[in-house]
Amino acid sequence: MARPSGKKPTAAEKAQAREVSLRRIGSLFTTHRWSLGIVVLIIVLSSIIAMASPFLLRAVIDDALPHADVRLLVWLVIGMVAVAAVTAALGVVQTWISTAVGQKVMHRLRVDVFTHLQRQSIGFFTRTRTGEVQSRITNDIGGMESVVTSTATSIASNLTTAVATVVAMAALSWQLTLVSVVVLPPAILLSRRVAQMRREITAQRQRELADLNVTIEEGLSISGVQLAKTMGTAPALIERFTGSSTRLIDLELRSELAGRWRMASMSIVFAAIPAVIYLAAGLPFTRGTMSIGTLVAFTALQSGLFRPLMGLLNVGVQLTSSLALFARIFEYLDLTVDIQEPDQPVKIDAKGHLRFEDVTFAYPGSEAAAVAGVSLDVPAGTSLALVGETGSGKSTLAALIARLYDPTAGRITIDGVDLRDLSLADLTSIVGVVSQETYLLHTTVRENLRYARPDATDEQIEAAARAAQIHDRIAALPDGYDTQVGSRGHRFSGGEKQRIAIARTLLRDPRILVLDEATSALDNETERAVQRAFDELARGRTTVTIAHRLSTIRDADQIVVVDHGRVLEAGTHEALVGAGGRYAALAA
Ligand SMILES: Nc1ncnc2c1ncn2[C@@H]1O[C@H](COP(=O)(O)OP(=O)(O)O)[C@@H](O)[C@H]1O
Ligand SMILES: [Mg+2]
């Protein structure tokens with residue numbers, strides 16, 4: 001369940017998120033362990049090579065220069081340059097591998113989230129804001145980039161550099177080494193504090209980013225803009241957007257600055273250490289125990305310790321704050337799939353005999369049943385019409401046939417097989433739905449039609465459009481079937497979109513056809529054209545029609561009046577008129 005945004009997570013929740021996430025984050029990398037192994041190897045190798053530098057330096061100062069040994073000096077200098085060249089080359093290879101690994105991990109997460117959300121039921125999308133999903137897939141996974149690409153290398157390189165440096169330092173003088181590492185414990189404590197701060201800021205920032213995305217989606221999509229323009233809410237939208245954006249400035253600033261003071265204090269301490277070392281070297285009891293070369297080499301090493309140590313501490317900070325990102329992604333990946341694919345799907349050559357057996361259904365989170373104890377029997381090839389007031393449960397019945405939801409009790413069968421025993425792919429090829437809301441993709445008319453059946457030939461597409469009474473209209477467009485439909489098909493009228501949707505369903509050739517108020521938005525003229533298209537579509541199929549105009553359903557084999565989710569009466573037009581009940585009153 002999504003935590004309501006704004007509420008602060010409790011300490012227990014945080015601890016849990018942390019524990020789960022670290023192991024899971026690690027598991028994302030298991031398939032890349034060989035690549036990561038190579039990266040670590042390269043890093044260790046280049047750190048060891050780099051460690052030669054201070055020893056070369058000491059040789060220059062203590063041997064080559066004082067003895068004017070030009071030969072030795074040249075070799076030492078060549079050695080210094082070679083060390084730099086080799087480590088740089090290794091660095092390139094290592095960046096290449098680790099970036100590839102990081103990108104593959106992000107790719108996997110993006111694809112997994114997309115796939116998993118596709119399998120979510122309509123219920124999920126009813127509760128989730130559109131921009132929220134986008135934001136998690138792009139902003140949250142995008143925000144992981146630095147962590148997934150550089151954490152492993154950062155740990156490996158900084159750790160090996162730090163260890164090698166300390167070893168080299170100890171080889172030069174263990175006493176001075178001790179002086180240098182006393183700063184470690186306070187540095188670690190400071191970093192932990194900063195990491196926690198960053199993590200909270202990151203969680204807030206990602207929520208704010210998602211809000212921003214939702215505002216964009218609601219304010220700048222075609223329907224949103226229409227609403228805003230007609231309702232005059234543009235200023236309010238701008239204000240909301242400005243508010244989100246302003247809060248983001250603050251969060252970004254806090255995120256950047258959290259820990260600047262840590263960096264500042266650490267660098268002061270590190271700068272002070274060489275001074276302390278010179279002091280230590282000059283004190284009476286240590287004086288004369290080390291050469292000037294040793295001292296210079298040691299301070300060179302010691303100043304080189306600052307970067308890897310800070311690097312290591314920063315990895316901790318980054319990793320901790322990225323837990324907020326991973327938690328948001330894992331939350332999506334952990335959503336249960338309500339509409340489950342059966343383990344052993346039953347294969348049928350569907351004739352289209354549809355039955356509702358005492359079906360009850362309540363929407364998730366809703367107490368009242370939208371459909372209660374409904375039994376229907378629609379023999380293959382016959383037609384059923386559902387009538388009833390708005391909110392009586394007709395669309396819910398339609399949604400249940402397409403298995404957008406599963407019944408709370410009872411079952412729905414096709415040719416005697418429970419919908420839950422059919423593979424989802426088979427079910428979608430058996431049941432076709434045309435509803436009042438048609439969704440067209442932003443592409444050509446042809447591609448919109450082919451979406452229903454990717455292997456359809458141009459001839460089949462055209463035949464479907466003809467049957468749906470829309471071919472002439474499409475042919476008259478500037479580019480015919482290759483005309484762009486525009487965002488959500490806004491260049492077409494409701495009736496035209498409707499007929500394109502019918503053509504699309506015709507291409508799928510479903511045995512059972514569900515028409516949910518598909519003509520209610522249309523004027524009489526268009527309705528007649530669409531109705532002809534429907535009649536064409538319905539021929540030889542089992543049809544369930546929900547119509548707001550009774551004239552269109554007179555000829556149905558069965559008419560069922562739905563009231564408060566129950567079947568009130570059922571029969572043919574003549575029988576129901578004769579019975580003088582609700583239908584008779586409606587039809588009068
Ligand atoms: N996604 C939903 N979540 C919760 N309740 C819903 C949802 N869709 C519809 N309902 C409720 O279920 C009842 C039946 O709705 P519906 O099947 O759409 O009626 P009809 O199509 O007959 O107008 C209504 O009370 C409606 O408010
Ligand atoms: Mg409805």
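The backbone N, Cα and C atoms fix where each Cβ goes, and this holds for glycine too.
Annotated features, as they stand in TrEMBL:
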type	residues	note
TRANSMEM	34-60	transmembrane segment
DOMAIN	38-321	domain 'ABC transmembrane type-1'
TRANSMEM	72-97	transmembrane segment
TRANSMEM	166-190	transmembrane segment
TRANSMEM	263-285	transmembrane segment
DOMAIN	354-588	domain 'ABC transporter'
Please give the sequence-distant neighbours of the transmembrane segment (166-190): residues at least 6 beyond its ends with Cβ less than 8 Å from one of its Cβ atoms. 51, 54-55, 262, 265-266, 269-270, 273, 276-277, 280-281, 286, 290, 294, 297-298, 301-302, 305, 309-310, 313
Tertiary contacts of the transmembrane segment (263-285), as residues 6+ beyond its ends and Cβ separation under 8 Å: 175-176, 179-180, 183, 187, 190, 295, 298-299, 302-303, 305-306, 310
Please indicate, using numbers and ranges, the residues of the same chain that are 6 or more beyond the transmembrane segment (34-60) and have a C-beta under 8 Å from a C-beta there. 72-73, 76-77, 79-80, 83, 86-87, 90-91, 93-94, 97-98, 100-101, 152-153, 156-157, 160-161, 164-165, 168, 293-294, 296-297, 300-301
Would you mind giving the whole-number mean pLDDT across the domain 'ABC transporter' (354-588)? 88
